[in-house]
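Engineer: Dumping what Swiss-Prot says about this protein:
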{"type": "TRANSMEM", "residues": "31-51", "note": "transmembrane segment"}
{"type": "TRANSMEM", "residues": "58-78", "note": "transmembrane segment"}
{"type": "TRANSMEM", "residues": "116-136", "note": "transmembrane segment"}
{"type": "TRANSMEM", "residues": "137-157", "note": "transmembrane segment"}
{"type": "TRANSMEM", "residues": "168-188", "note": "transmembrane segment"}
{"type": "TRANSMEM", "residues": "213-233", "note": "transmembrane segment"}
{"type": "TRANSMEM", "residues": "254-274", "note": "transmembrane segment"}
{"type": "TRANSMEM", "residues": "302-322", "note": "transmembrane segment"}
{"type": "TRANSMEM", "residues": "342-362", "note": "transmembrane segment"}
{"type": "TRANSMEM", "residues": "363-383", "note": "transmembrane segment"}
{"type": "TRANSMEM", "residues": "401-421", "note": "transmembrane segment"}
Amino acid sequence: MSNASINHASIQLENAAVSNVSAFNKTKRKLMMLGPAFIAAIGYIDPGNFATNIESGSSFGYQLLWVVLWANLMAMLIQYLSAKLGIVTGKNLAEHLRDHLPNKWAVGFYWIQAEIIAIATDLAEFIGAAVGFQLVFGISLMEGAMITAVATVMILILNQKGQKPLEVVIGSLLMLVAVIYIAELFFAHPAGGEMVKGLLTPTFTDSHQIYLAAGILGATVMPHVIYLHSALFKNSYGESTKTRLRTTRFDVLIAMVIAGFVNIAIVAMAAAVFHYSGNQHVAEIETAYMTLTPLVGKAASVLFGVSLIASGLSSTVVGTMAGQVVMQGFVRFSIPMWVRRFITMAPSFVVIGLGMNTTDILVMSQVVLSFGIALAIIPLLIFTNSERLMGEFKNNKWVSYAGVVIVSLVLSLNAYLMVTLTA
């Protein structure tokens, strides 16, 4: 073989090696971009979802599965738009609102309502984790709350090491809950045909179903994670905006499909185990835990409790992060994360100390949250429809139409709730 041939072969090998390294690095960068949607998605399977989904399934069987499905599809679009706003503009939703609201009073109103929503969310999530510890380990609710407090502070410490370790931990907890509900469906044996019918047949046959639908919407489309998700894209990993958006679509799809599966599985389990066994008034998490054992076995109860712990711990951490983003975005001020953690825990300890019904608090908090959805979605749609802000990445007309439909549904449910609750 001539020297020229040898040199040519050597160059080809070098080029192939460089190409392989380049492809590996590109794949690695794309994998590094995955994760923000998993942080957002954990908010969609918080203990508030457990409470509303269990009550829906036990009271009405599979009838409200279509609400869960459509709420999850709406959430998928909204979370992508939130991510897109942050990626394209480099600013989160709260920062854009601060820049565009007419005066400081409007900014103050938006900041206060967003903080209230974050605290109300954290109340449900924190209490849910505490209840999980109480049920699984047979300790008092206050002891469960103290364990929850310590555990969440420890998880938040990871945030000091950067966003990626936190994404891994929260993503792992999301996957744990999903795996648990695969097992729960195995124990429950839901009726497949009835599930499909419930998913595909929109209907309300009872006024309480509309109340629960608002609760499901409030538990599924979470205002605080709309603010948070738009703030999780500070690192571009050297990729173009188009590449980041493409990767984010995949990230949102996977994370929200997992969250949607969990919500559907909770309703299906409650329908199969409670509704069709004559236990049609299981509205409390504690009752659900106790009732599972004689109906489907101790293992199902323990798994239910563990999923509640994983859900509560991860979602209360996300709630704390969202509160921090809201404060920084609206008033350009922040407090140490651990200080915020202790402030937002206080209402939970008060509720527990007063002996209030925890499930009532969980369900009511989700209904209250539904009133904050429109206040987050409407400006999100306005900003992502703006050519001045988004350029070539502004929403197309179909996304805009879908956004209008979502806002109309939210406002209609809110109006119904106002009439119902004040009647």
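Numbers run from 1 along the shown chain.
Backbone N, Cα and C atoms are what each Cβ position is placed from, and that goes for glycine too.
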Engineer: Using a Cβ-Cβ cut-off of under 8 Å, list the residues of the same chain that are 6+ residues beyond the ends of the transmembrane segment (342-362) and lie near it.
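Structural biologist: Distant Cβ neighbours of the transmembrane segment (342-362) are 47-48, 50-52, 118-119, 122-124, 126-128, 130-131, 141-142, 145, 149, 283-286, 319-320, 323.
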Engineer: In the same chain, who gets a Cβ under 8 Å from the transmembrane segment (137-157) while lying at least 6 residues past its ends?
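Structural biologist: Residues 126-127, 129-131, 166, 169, 312-314, 316-317, 320-321, 337-338, 341, 345, 348-349, 352-353, 358 contact the transmembrane segment (137-157) from elsewhere in the chain.
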Engineer: Under a Cβ pair cut-off of under 8 Å, which of the recorded stretches 31-51, 116-136, 168-188 contacts the transmembrane segment (302-322) most often?
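Structural biologist: Selected stretch: 116-136, with the most Cβ pairs under 8 Å.
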Engineer: Which residues of the chain, 6 or more past the ends of the transmembrane segment (168-188), have a CB below 8 A from one of its CBs?
Structural biologist: 35, 38-39, 41-42, 45, 155, 158, 255, 258-259, 261-262, 265-266, 268-269, 272-273, 296-297, 299-300, 303-304, 306-307, 310-311, 313-314, 317-318
Engineer: With CB pairs under 8 Å as the measure, which of the listed stretches 31-51, 58-78, 116-136, 254-274 comes out on top against the transmembrane segment (213-233)?
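Structural biologist: The stretch I would name here is 31-51.
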Engineer: Among the recorded stretches 58-78, 116-136, 254-274, which has the greatest number of Cβ pairs closer than 8 Å to the transmembrane segment (31-51)?
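Structural biologist: Going through each listed stretch, the top one turns out to be 254-274.
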